[in-house]
Amino acid sequence: PKMKEDNCLHAALICLGMLYYSHAITTEKLNHARPSLHGHHEKGKEGQVLHRSKRGWVWNQFFVIEEYTGPDPVLVGRLHSDIDSGDGNIKYILSGEGAGIIFVIDDKSGNIHATKTLDREERAQYTLTAQAVDRNTNRPLEPPSEFIVKVQDINDNPPEFLHENYHANVPERSNVGTSVIQVTASDADDPTYGNSAKLVYSILEGQPYFSVEAQTGIIRTALPNMDREAKEEYHVVIQAKDMGGHMGGLSGTTKVTITLTDVNDNPPKFPQSVYQMSVSEAAVPGEEVGRVKAKDPDIGENGLVAYSIIDGDGMDMFEITTDYETQEGVVKLKKLLDFETKKSYSLKVEAANVHIDPKFISNGPFKDTVTVKISVEDADEPPVFLKPSYIFEVQENAASGTVVGKVHAKDPDAANSAIRYSIDRHTDLERYFTINAEDGNIKTIKALDREEIPWHNISVFAVEVHKQHQEAKVPVAIKVVDVNDNAPKFAAAYEAFVCENARSNQQFITISADDKDDSANGPRFIFSLPPEIIHNPNFTLRDNRDNTASVLVRREGFSRQKQDLYLLPIVISDGGLPPMSSTNTLTIRVCGCDSNGSLLSCNAEAYILNAGLSTGALIAILACIVILLVIVVLFVTLKRQKKEPLIVFEEEDVRENIITYDDEGGGEEDTEAFDIATLQNPDGINGFIPRKDIKPEYQYMPRPGLRPAPNSVDVDDFINTRIQEADNDPTAPPYDSIQIYGYEGRGSVAGSLSSLESATTDSDLDYDYLQNWGPRFKKLADLYGSKDTFDDDS
C-alpha cells in the first residue's frame, strides 16, 4: 500500500509540473515579443515621413518534460508575430532537429506540440528554427530565428555502482574509523535539476563491524580489535539512494567483501613442555635427532619462527636449525657420542618470532621455550685406535725383523673384546712389513732403501676377535731414515779437452758431484787426487770448497802426436758419518786450438795428414774413391744381367704340363695324359734328390726293365719305380711344371679315398665288380683280382 501511494504521488507531481511549465513558457513567449525598428518607411499625416520599426522575435528556451505518457501531445509553446492580425494570412514554419517527427507546429496558430515521449538521458535538448511567411506567396515576413527546446528531467533512473562486487583489505586490530574502501555510484538523471541525482549511501549489511559515510561512500571500521584469527572475511552490502535519500527516491546496491590482513599479534607457543628424543651413539655428526614445533596462528612472515638452544648440558653436542617450509626446529648431532661416557643430555630450546611489530609489543614476549631430553642408545661400535694416524721411523738397510713401531686399538663397548691387527696388503704390495696380530708391533721383513722409497704409507686393520665385521682402519706413515750408504760421483759424464798451447796453471774444466743420500750424508764434497798420482806432472786439482773442483794444467807443451788422451782419476768424499768416497775418471783430450783458445780439432790423425795434404786434396781423394766404387758396382750389376739363366727354356724345350680334364679319367690305361709316377706320397720320399736348379743337358732315356709288368699286383713297387725314375731323371720337373699328388695326408678324419693305397692294407672287400666297369678299369680289376687269387693259392 505504501509503494502504491508513492507511485500515485509521483504521477501527480509530474502532471502538475507539466501544466505549470507549459503555461509559464507560453506566457513568457508571448510577453517577451518586442517590436524593433527596421528600415521600412511609411507616410504619416501631413506628409511626414515616419520610421516604423520591424517587429522581431526574442526567444527564451522552451521546456518539455520527459517520459510524458498522456493521451494528447504535449504543448511545448507558441510562436506569434506582431504582424499577425489573426486573419490567417501568415503561415508559421518549423525546421531543425526533430521538426515534423517529434515536434509539429500549427501553421496558423503557431502552437508547437511534442508527439513522442522524450528521454533526457538519450537527448537533453533540440535546436529548432522558426519562420513566418505569407501564406499566399510564401514570402518571408520575418527572418528565421533559432530556439532551443530542453527536455525537462524527472527521476526515472536509479543509482548504479561502478562494480557489482568490491574486494578490500584492512589490517586486523585496526582502530575505529580506519578507511577500508570507497564505493561510488552514479545516477543518469540531471544533477542540475532537483534531487534526482543527489545520492546518499547507507549500509544494509555488515554492521556493527563497518560503517559508510553517507555523502562520500567511504567504508570505515566500526569496531576495535577485530581479530583475523577469530574471523577473517566479512560481507558488507552498501546502498546508494537518490532524491537525497528521501521517500520516493530510487536506489541501487553493491556487495563489498572485506578481508582482514594478518599482523604479528600472536607469539609462538609450544604444544607441550617436554620433548623426548633418542639417538644412537653410532650416529655421525649432522644426523637428525628429532624435531620440535611451536605453533603461531599468524601467517606469512608474521608466523615465521626461529629456533635456538639457549641452555642445557648438550649445547656442545647438539645443534638446532629451522626448517622454514614446515616451521619446525630440527635437532641435529654436532659431535660424536659415546654411550659409555654419557647416556643422556638435556637441552632448552627457544622459539621466537623473526619479525615483531612494535605496535603489538605489549602482547609479548613473542617467544616460548621447551625442554628437550635426549637419551643416547648403545651401539656395537668398531675398534677405535688411540691415534687418528701414526708416523714411525726406521733406518734404511735395517735388518729383517727390526721393530718399526706399535699401533694400539681398543673396543669402546662395555664388552671390551680382544683386538687382532693386520696390514692392508693393497698398501704394502712388496711386503716390506709385518705386524704382530696380538700386540700391534710392526716389523720389517726385508731391508729398506731410502733412495728407492723414502716413505712407506700403509694401512693397519683392527678387528674384534668375536665380531669380524667390526673393524677399524688407521693410516701408518713410515719414514726411512737415511744412512750414508752411497758414495758421491760425478754429477755428469764429463769429457774435457786441453789445448796444445795451454799455459801452465790454466783452468780448463770445473766438475761437481752428486750423492743419492740425504743432504745430511751428502755435501760438503771433498775433491782430491789419489795418493799415487798426487804429484801428477800433467794436471792438478783444486777443491773450490763449494762442492765443485777445478782441473788445471800443470805444465805446457802438450802434443797430440805424442799423446792425445789422458785419464785423470779423481777421488770424491762426502760429509757423512762415516764418510763415503769413490774414484771417478775424467777423460781429457788434447786438441788443437787457435791463439784465442778456441777448439779446432781433437783428432791426431788429422794432425798428421795436414803435414802433407790440404783439406781440399783430401776431399778430392775421397770423391775419386767413391766414384770408382760406384763404377765397379754398376759393372758387376750389368755383368749379372748378361749371364744366361740357370735354366734356359729354349723354344723346343718349353713344355706345358698343365692338363685340364673334363671327365673322370680313363683309369690306369690312360697314361698319355698323366704319368702315374706323379702320384707320390710325400712321406715316402727317400734317397737321392736331384738338383732341380739346372737345365737338363741330355735327354734321359728310361732304363729298360724298370717298368713292372702290366699284370703286376704290387702297386707299391710300381709307384716306387716311377719315383726312382723321376728322381734320377734330370729332365723331370719341377721346371715349368705342376705335379699333382693323390695323397691326402696323415691324420685326416675321413682317411684316404685312394684305391691305390688300399692295396697295401688288408681288406675283406670284394673287388670283382670292377670287371663290370669296362675297359678303363680293367687294369685295376686285374690288380685286385689277382691279389685275391694269390691269397687263395697261398
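Cβ from N, Cα, C; glycine included.
TrEMBL labels come from automatic prediction, so no person has curated them.
Copied over from TrEMBL:
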SIGNAL    1-24  signal peptide
DOMAIN    81-161  domain 'Cadherin'
DOMAIN    162-270  domain 'Cadherin'
DOMAIN    271-385  domain 'Cadherin'
DOMAIN    386-490  domain 'Cadherin'
DOMAIN    490-607  domain 'Cadherin'
TRANSMEM  617-638  transmembrane segment
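For the domain 'Cadherin' (81-161), the number of residues in each DSSP class (helix H, G, I; strand E, B; coil) is 0 helix, 36 strand, 45 coil. Mapped onto DSSP classes, the domain 'Cadherin' (162-270) shows 3 helix, 47 strand, 59 coil. Along the domain 'Cadherin' (81-161), the predicted structure has mean pLDDT 83. In terms of DSSP secondary structure, the domain 'Cadherin' (271-385) contains 10 helix, 56 strand, 49 coil. Residue counts of the domain 'Cadherin' (386-490) by helix, strand and coil are 3 helix, 47 strand, 55 coil (DSSP-based).
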